[in-house]
Amino acid sequence: MFSMVTEFMNYSQQTVRAARYIGQGFMITLSHASRLPVTIQYPYEKLITSERFRGRIHFEFDKCIACEVCVRVCPIDLPVVDWKLEKDIRKKRLLNYSIDFGICIFCGNCVEYCPTNCLSMTEEYELSTYDRHELNYNQIALGRLPMSIINDYTTRTILNLPMK
């Protein structure tokens, strides 16, 4: 008889403990119900990126001196710089510059260490394609500035997300 009472007491303690855990989880769920939604309807609404966002790299051909610092500081030796030495003026002339964004890790080292500031990060992050070879941008594609999200009339921009 005594063992039956202790088993019943253990069972009731376990039931109370389980109900308390369920109640704690339910209270957390209820606290989230009063918050504003964090998700956005992506193709129709876009977040404005922060000032230091590391998106697609923009390249200015006229500023580049073909020093290849960007290649040396890149952890994966990604930028391809083709140049020709002009013997009469003893300077390099840039022929081709390309970056494959299918491989790029967007670390920003090339932008940070460029001595002439011919590289900069843009706010463009929509680089998806069906063919990975389309992600290999030459100097012409890198020179195009992306369309600003703020000026895009087809989408609604959201300035900032609600804080927790």
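Every residue gets a Cβ built from N, Cα and C, even glycine.
Between the candidates CYS67, CYS74, Swiss-Prot assigns the [4Fe-4S] cluster 2 site shared with CYS104, CYS107, CYS110 to CYS74.
Counting other CB atoms no more than 10 Å from each candidate's CB, the binding-site residues CYS64, CYS67, CYS70, CYS104, CYS107 peak at CYS70. Within 8 Å of the centroid defined by the CB atoms of CYS64, CYS67, CYS70, CYS114, the record's [4Fe-4S] cluster 1 site, lie the Cβ atoms of ILE65, ALA66, GLU68, VAL69, VAL81, CYS110, PRO115, THR116, CYS118, LEU119, excluding the listed residues themselves. Note on the domain '4Fe-4S ferredoxin-type 1' (55-84): its mean pLDDT in the predicted model is 94.
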